[in-house]
Structures are given as structure tokens and as C-alpha cells.
């Protein structure tokens, strides 16, 4: 059996890769592994399939003898925060993050609120393989009570990160993308005194991430034109990432957030070794600008768990991804889109600067193009020999083009696509090289497969 775990837990299309039977087995395997006294915390995003998977996981936990607490619809970062705060045994988030509504996934956190290790994934996988019978969906759905008190604890913790700073005088637009941020983002910003407008704010799981959210900024840009505001923030489906937009429509992505936040910490002399952790997707313009002011950028493979591992190894205090996952010491290095947005607002207020001017003081990104090559298969589930051939082909492409620009190619850990990133000093070069590389790479991969 191929590993069910990808770069960010288990993920796939509901009723294909992610089924009721698999979710039950995950619950049973996890419940059988953990100590019985402390309960496990479970949350989900707004996807329609989330309730079915929740039923399956809790059934598995029950039959393994493990107690659980149902948080209901919540941001992913609420799970790791509350695990540590309430001394729980583990946590599960049912979400496919930024993926479309037909996808879902299962993220598992350990007793310290960190995503489980590869070793623990293998342990769960082995137990699941031993449960070889297919588990059918029961006719009767059992209602599950939600714990609202724990959600209030999480919300209060976010407010406390402001250190008494309020957001009065700031007009802010939030795109909650019909996802987890609908539960609390508006409430938090309003409590802090901001004038808040929210778009895509229904808990409609059929619309989650559809033409909205952190992977599609057009609705937020349009809203900022129609209702001028100081800034806007766009979250993904489970609210663990965020992208900002200033009053003039300029994008504040994860690279900009890391640069600006990192510079503040550097000036306060609390940024260890002036080090930031990011990934291979980080813009070259960001890296050069950061080095120019005396900083060091350490790159990891793509995925917030790799960023977190490097933060721990290098004893860094801040890291993240261009996509808007920002991991800071404030929240035990768990990506939290709402917390990140609050910190941006806090710095703007404390410095008495608008986001547009603050963004201008960061860096000019190199032209960058990310292209997805759609495949008929998940490259991570191929046999080892075929995967090695494809990996060698990728390395060859990166070596050939390294003199002209920066090329980074990787298979997605969650979807059947190959991602090709090309950076150069001008747009024409980026576009021509991207087109050339994707065509050749697609051809080479097909030769290997066929």
C-alpha cells in the first residue's frame, strides 16, 4: 500500500482518495496508539464532506476507546494552540486547506501541537493496513456536541497578541472565502475597533476557495475599489494562511510579510542571527533585499512542516512561505492567517504608517511565473524506479537553465500536478523560459510513464 500521507497530512478527492472507511481507520488507529486518559481535539472547515469524515473519525475513536472533543468548524491553528493550552493528547483537523470543495483531508497534530513526524505517520499507516476490511457508512448519523468554550479561548488568545494595541481608525476588508475564517475573523477585528467589511463570509462548503480566498485575490481587489479601505486580507479555506492587499491594490504575500516582520524583529534585536526561514518558492528579489540589510535567508523544501523543522534546527524565530503561511514564536510556530493579519495591522498602527508605504519600503520582486503541469497520476504514488527517473529529469532541467534564471520544479504533494517556477530579471525572459521548460518537461515525463 502506498503511503496515504503527503506533504501536509492526508489529502485527496472525497469518495476517491479520502473515504468514510479511510477516515474511520485513521480515527481507530490514532485512538489505539494514544494514551486513553487525555482526549483528542477535532475540528473541520466548512466542506460538505467534513461532517461525514467527522462522523467516521469519531466512530473510529469511540471504537478504539479514545475520548474526543469536537470543536466544530474552526481555523486549523485553533487545534494546535488548544492542544498545548488544554494539555490534550493530540488533534485532528479535517480540511483540504486551499484546495477546491471536492477535496478534503486529515491533518494530525501531536501532544505539543506540532504536525506528527514521519515515524508516527508510518506507525498510523501500518495500523491502517492491518484494518483491511471496508467500513460502510451507517444509515443513522449521530449528532455530535460542539465545545464552544474552547473556541472562545482561542479567540481571546489572538486578541491578546495585540498587546493592548487597538485597530480603531482602520478600515479593513476581509475575504474569508466561505471557510474556517467565517467563524471568528470579523468578530476579532471588530472587537479590536476596526471598521470591518467581510466578503465571501457564508459557511457554504460548496463555495469554499471557489474564485475567492488567498489563491484568488480578484474579489478582494474589487472590494477595495468599490469600498476604499486601508487594507484587505484574504484567507484560505482553513485560515492557516493569509495574503494582504494595500489600499492601492498591491499584493502583500508571504515573502513581503516575512521581510517586513523580520526587519522589525531585527531592529528590536530579537531575530536570532538575523535569520529567516522560507522555501524554494521564495522570490529571489526578497532574498537579495534581505541579504542587503544584513539578513540570512535559509531555504527548505516546500511545505510548512519543512519550514518548522528548519526553524527548530536553526533556532530561528520567524519563517514562512510565499503562499502566506507564516510561522512565528508567538503561536508556537503554527501557521495562523488571522494572527498574521493582526500583527501586520499592529505594526502599521504602532509605526503610524499605512500599509502602502510600509510595503514600498520592502523590496521589488523579481518577475516570477508558476505553472502547473496537469498529470493523469499522482507522482508521489508511482513506483520508486519511475519516480527516480522523473526526479533525475527534473534535476537535469534545473541544471540546464540555472545560468539564465532560477528554475525550481517540484511535484505537488496534494494534487496530480507538477509545479514549475521560473524567475528572471524581466517578464519576457520569464514567459519564454517558462513556456519552453513546461513543454519539454511534460514531453519527457510522458516518455518515462509510457
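Think of each number as a place in line: the chain as shown, counted from 1.
A Cβ is built for glycine as well, from the same backbone N, Cα and C atoms used for every other residue.
Within 10 Å of the C-beta atom of residue 97 (active site, phosphoserine intermediate) sit 29 other C-beta atoms, taking all shown protein chains into account. Sequence annotations record features per position, and here Swiss-Prot assigns active site, phosphoserine intermediate to 97.
Annotated Mg(2+) binding site per Swiss-Prot: 97, 236, 238, 240, in sequence order.
Summarising the annotation, Swiss-Prot assigns phosphoserine to 97 and lists sequence analysis as the type of evidence.
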Rounded Cα separation (Å) that holds between residue 236 (Mg(2+) binding site) and residue 97 (active site, phosphoserine intermediate): 6
Inter-residue C-alpha distance, residue 97 (active site, phosphoserine intermediate) and residue 238 (Mg(2+) binding site) (nearest angstrom): 5
Cβ-centroid neighbourhood (8 Å) of the Mg(2+) site, 97, 236, 238, 240 excluded: 45, 75, 76, 95, 98, 179, 180, 235, 237, 239, 241, 335, 337
Spatial neighbours, same chain, of residue 240 (Mg(2+) binding site) - Cβ under 8 Å, 6+ residues apart: 75, 76, 77, 97, 304, 325, 334, 335, 336, 337
Cβ atoms near residue 238 (Mg(2+) binding site) (within 10 Å, other residues, all chains): 35
